[in-house]
Amino acid sequence: MAAAGRSRLGAPMYSKELTSKKRDEFEDILEERRQSSDLRYAMKCYTPVIYKGLPPCKPSAIKNSVLHSEQVQYVIKQLSKETGESADIIQEEATEILDEMGHNLHIGAIRFFAFSLSKIFKRLFQRVCVNEEGIQKLQQAIQEHPVVLLPSHRSYIDFLMLSYLLYTYDLSLPVIAAGMDFLGMKIVGELLRRSGAFFMRRTFGGNRLYWAVFAEYVKTMLRNGYAPIEFFLEGTRSRTAKTLTPKFGLLSIVMEPFFKGEVFDTYLVPISISYERILEESLYAYELLGVPKPKESTSGLLKARKILSDNFGSIHVYFGQPVSLRTLASGRINRCPYNLVPRHLPQRLSEDIQEFVIDVAYRMELLQIENLVLSPWILVASILLQNLPAIDFELLVEKTLWLKGLTQAFGGFLEWPENLCANKAVTSSLAPHSNIVSLVNGQVVLNDKGTKDVTTEELIFKQALSILMCGAYRNQLLNVFVRPSLVAVALQMMQSFRKEEIYNYFNFLRDIFSDEFIFFPGIALKDFEEGCFLLTKCDVIQMTPQEILVTEKGSSVASFLAAMFRPFMEGYQIICRYLSKETKEAFTEKQFIPGIRNFAFQLLETGSTQCYEVLSSDLQKNALAAFVRLDVVKKVKITNGFTYTVNKEALSKTAEMLHSPVPIRKPMTARL
Amino acid sequence: MAAAEAAGGSPGTGSQPAAQRRLRILSGHLRGSPASRAPEAAQLLSLSRCGARGAAERPVPGSIPKKRQEILKWNGWGYNDSKFIFNKKGQAEFTGKRYRLSGMVLPVLKEWMEKTLGASLEHRIICRTSLNSSDVPPSIVNEEFLQDLRATEISYSQDAEDRVFRAHGHCLHEIFVLREGMFKRVPDIVVWPDCHEDVVKIVELACKHNLCIIPFGGGTSVSSALECPADERRTIVSLDTSQMNRILWIDERNLTAHIEAGIIGQDLEKQLGESGYCTGHEPDSMEFSSLGGWVATRASGMKKNIYGNIEDLVVHIKMVTPRGVIEKSCQVPRMSTGPDIHHFIMGSEGILGVVTEVTIKIRPIPEYQKYGSVVFSNFERGVACLREIAKQRCAPASIRLVDNAQFQFGHALKPQVASIFTSFLDGLKKFYITKFKGFDPNELCVATLLFEGDREKVLQHEKQVYDIAAKFGGLAAGEDNGQRGYMLTFVIAYLRDLGLDYYLIGESFETSVPWDRVLDLCRNVKERIVRECKEKGVQFAPFSTCRVTQTYDAGACVYFYFAFNYRGISDPIHVYEQIEIAAREEILANGGSLSHHHGVGKLRKQWMKESISDVGLGMLKSVKEYVDPNNIFGNRNLL
Ligand SMILES: Cc1cc2nc3c(=O)[nH]c(=O)nc-3n(C[C@H](O)[C@H](O)[C@H](O)COP(=O)(O)OP(=O)(O)OC[C@H]3O[C@@H](n4cnc5c(N)ncnc54)[C@H](O)[C@@H]3O)c2cc1C
């Protein structure tokens, strides 16, 4: 997918520019596992292809070369000079960090994993579907250049599954940069490590030694092509199933060898992993509501055994086309500045490079999103959430079919069971989700299993829980729908036809929601045009050079689209209200979250809002970040953390914009 | 009398007795010879024109005649009598008698060309055998200038062949044009000054008549430096320095020699040799390139580790510019008098003036020379070893490391018989590689060495170097292999002409790079070439190879060869140029320089600004503007 950017080099290609979006076919790999021996599979001859015929290298040798690299030695000397600590002691520390972190590839552990994961996956999932063409491309890529695997992150299953798949297809197991909290899980942690995973602290907290050792470790693996590096751009598992905005630290580390000419090229491989039902769905919902999540301990995982009897539907793993970093950088990045400083010295990234890293990160996430498989259930959940507490089954089927068409028109990657009639398709899509929906008397109902006599507070909590769980599925549709939908929201809010006004409001929404949804930086106009294009294509709107008109039959579509994003509009409105009423002094995030939660609870209790999703700490944090970004809230660093103060004037303006905007008649900045 | 001989503007066949020559000239005159002949006769009469000469001066005719076409190819490299051909049996052969490889059959070259480059003897290009004078742009010279020129009695020619011979260097595209087309612009007139004073006169005339002068030394430029700007409307004068080829004096107490800048390398070493001295400056082009050319391009010689590069060798330079003559007032080893003006002259590529005389350091000819070679299991180890040798500052006169592809290529040039050429692989493979160390023949690489000095010291030095090599797993592979490596560098330039007959085009380019980046740069540039070829539709994998040819304290010089088969490509030169540009960008991105010794010319001008910064370029421009405000030296190199 050689993408030539328009307004900004490397910008994504949108449907307007695409002639056809061709996607590969899937293969169910569990099918074979169900027919032949897992033991034999685990003991199969495993000889993965390697980069340029590189001979295998012992983990201890890698560790050694990391420890004695100029990079790490430089930081050790530097620290020793600054702290007065002897270099030997710091070196010791570095060794410890490496031991804690370093992967340790044991074929035995891999085989053990292959065996047990086969058993577990077969119990949990109906199918594990993989695009084999993608695997072939990956196999090719691994032999050409160092490879970085960039999967989406929804579950702990993600990297187990990826390693399992690579093993199945006889590819080198990736070295995974995974969160430190795995180290707490003694047995599993060690097993993971022995099968290739390595660990990083979630925050480096300014620990330069840790960072140096870590970065050098990653780069050594990469430079020598020992194994593909795998990490999650999103940084952590998305609790909402919406793609999280990317983190840039690891990405810039893996790009550095290319910038410094240490490798000819590096392949970035976006991987989309979609779950019909997410293993951690209820844990996430609890967490979002502020009930602390259980620490990932081995016993926790063992308890999770009861979930083994549950049905988690299918998994789809789509290996995207490997993207050449060199191609992305060509014509954009001048690597010469790296010539003026010895390559082992830590260097600040230039602005150009920073911007490039950000663009690449977004680009990769957009590629992930493009290939995330959408199941019928996702459509059902989206419709149900607009028809609470229940919807007539027939109507649901009808609407689902309608939404299916729309999703496909918007470029969503829908896997629809073509062999089933619509009724059956919908019914069977409900099956894995019996914990949140049920079919009662021809009605599909969201969670009616609650006990009768409980406090309103408990009721609200339960309701919120199932709405958030259901929302996590609707959320998977949002990034596909966001451009046309925000145009629809703008049309609705502005009550205007003037293109310029619609665009300005669209731009405002795009700005304020840029932590909620994935927008490629700096191409607002292109996003707007894409949204309009899709709406026009579906006959929802008609465009004249100056105006945008909603067609008669399009108005129901437009209001559906707007309603889909209603929870965010309303959630942010409520947070505005909270900020203007309840906060007098500077506050911390620790005060903000419970504060807004109580405030929202009250509103829900009194029935003055139905927006349960405002209880989600994810939405709350995103809103706070957005307000900081828009200078509505000022963020100040204090000794241990940050405080926030509200700029009342800016806040009331933003609140007004979210509520009932007056058309903004700015002179047009961009040509429409 | 000696002076008189020289002043007569000796034609190439200078061994003829002067009287005989005079006769020929006179008779030519009677037959109504071209205008250019007339002044020569006149010159004979004014013996004092270049009179002020030192005692050491002897009239030695140059190895290359004034009429270069008499012994040099008009459309390829080197001597007419020396070339690669496929004989009746379909085997490659190197003709002539000049080189050690001459007259030998190279049985495996054909196979190598077929296998490595996909060439085929059936696909041969028949190109024209001689220059068609009517294709050559006419000479446009105004009569007033000609009159003034005749008055100076300086030899000149407007002959088409003479002009075309001086219209180019040896870049691929230049040779290609010679074979298949014609330059848009060639010099209008060639002048042959005999001495510094002649040059002063020519430059004065050029200023007076607003002409463009392009100095011409040996014509070995590989940077498009000699090409005439196509849009130059003024008369272009090619100032051929070849007749200024005398050693004016030798100063044995200070070990310096004062030499006219037109002397070519082989003559310089030959003549100094007669007195027991050498400069030790041996660029691979030394058979043809000139002292003035070396100064003008900042040349580098193979044995720089002992003798230094041109900037280390030069003690004094005299240059004629439109502003006047520039030179220092003394001949000292070093001085602190602001920025060294020599450094404006060295590397000026003919845009400021003509270098006419140079005082250069000389050394007694070394008592003993010894070649050597070392085999390494792979290129990485070889580079590591060279780095260590550089670190210990014990590099031999020359040390070069060729990668595996070039090692195999050397093998392809193995002649049928002759002891020194006995197959490298045959002997070595059986002996060391397979039996002892298990070196992979597709990975191993070779360093070739040349030691010089007195015997004792050379042997000591040799041991030191081999000991270091051993630490990197390097195995001594004999003197013959070393010597063969160096000899091949002189004939390799001939090989391109053979390739051109079979749809193969090739070129070399070079860079300098810090030690820590050598490996990355080599790998990335080679890979870039392969990739670009693929993208540009080249149907056969290219030959893309490199060698480390010089070592320094802080880095190395890397030399690339690159060739591909262009069958199926309509515009091979354009494709080639795009690939070369890509390769150069890759070099720059990997921390390499724009050039270590070939210079910038017009070929690499586009990168000057990024190479030396805006201000740096501005500095050079302002020098140019002061020295040559009317752009008389208008070859448009560098800036
Ligand atoms: C096969 C081959 C091998 C080579 N090997 C080497 C090598 O080992 N090392 C190396 O450094 N280079 C090498 N070169 C490049 C080339 O030989 C050098 O650049 C050499 O210095 C050019 O000298 P020349 O006398 O041939 O100059 P020319 O090619 O005639 O001219 C080169 C430039 O210098 C200017 N110039 C020439 N003479 C004067 C003068 N007297 N005053 C002012 N300007 C002048 C010309 O105008 C032109 O711009 C090689 C080239 C070839 C083809």
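Including glycine, each Cβ sits where the backbone N, Cα and C put it.
Summarising the annotation, TrEMBL assigns region 'Disordered' to B:1-21.
What TrEMBL records for B:183-365 is domain 'FAD-binding PCMH-type'. The average pLDDT for the domain 'FAD-binding PCMH-type' (B:183-365) in the predicted structure is 97.
DSSP assigns B:Ser221 (FAD binding site) to coil in the three-state reduction, outside any helix or strand. The annotation FAD binding site is assigned in TrEMBL to B:215-221, B:297-300, B:349-355.
Around B:Arg400 (site 'Important for enzyme activity'), the C-beta neighbours below 8 angstroms that are at least 6 residues distant in the chain are B:Ala447, B:Thr448, B:Gly485, B:Arg547, B:Val548, B:Thr549. Look at TrEMBL and you will find B:Arg400 tagged as site 'Important for enzyme activity'.
On its own chain, B:Arg496 (substrate binding site) has B:Gly76, B:Trp77, B:Leu172, B:Ile175, B:Ile505, B:Gly506, B:Glu507, B:Ala563 as residues at least 6 apart in sequence with a Cβ closer than 8 Å to its own Cβ. Residues or ranges marked as substrate binding site in TrEMBL: B:Arg496.
Residues or ranges marked as active site, proton donor/acceptor by TrEMBL: B:Tyr559. Residues within less than 8 Å, Cβ to Cβ, of B:Tyr559 (active site, proton donor/acceptor) and separated from it by at least 6 positions along the same chain comprise B:Ser508, B:Phe509, B:Glu510, B:Cys546, B:Arg547, B:Val548, B:Thr549.
Note on B:Ala299 (FAD binding site): other Cβ atoms within 10 Å of its Cβ, all shown chains, come to 27. The Cβ neighbour count for B:Gly218 (FAD binding site), using a 10 Å radius over every protein chain in view, is 26. Contact annotation for recorded positions (B:Pro215, B:Gly218, B:Ser221, B:Ala299, B:Gly350, B:Tyr559) versus ligand 1: B:Pro215, B:Gly218, B:Ser221, B:Ala299, B:Gly350, each with CB under 6 Å from a ligand atom. Secondary structure from DSSP puts B:Ala299 (FAD binding site) in coil. All protein chains shown were included, and the count of other CB atoms within 10 Å of the CB of B:Gly350 (FAD binding site) stands at 27. Of the binding-site residues B:Pro215, B:Gly353, B:Pro215 has the largest number of other Cβ atoms within 10 Å of its own Cβ.
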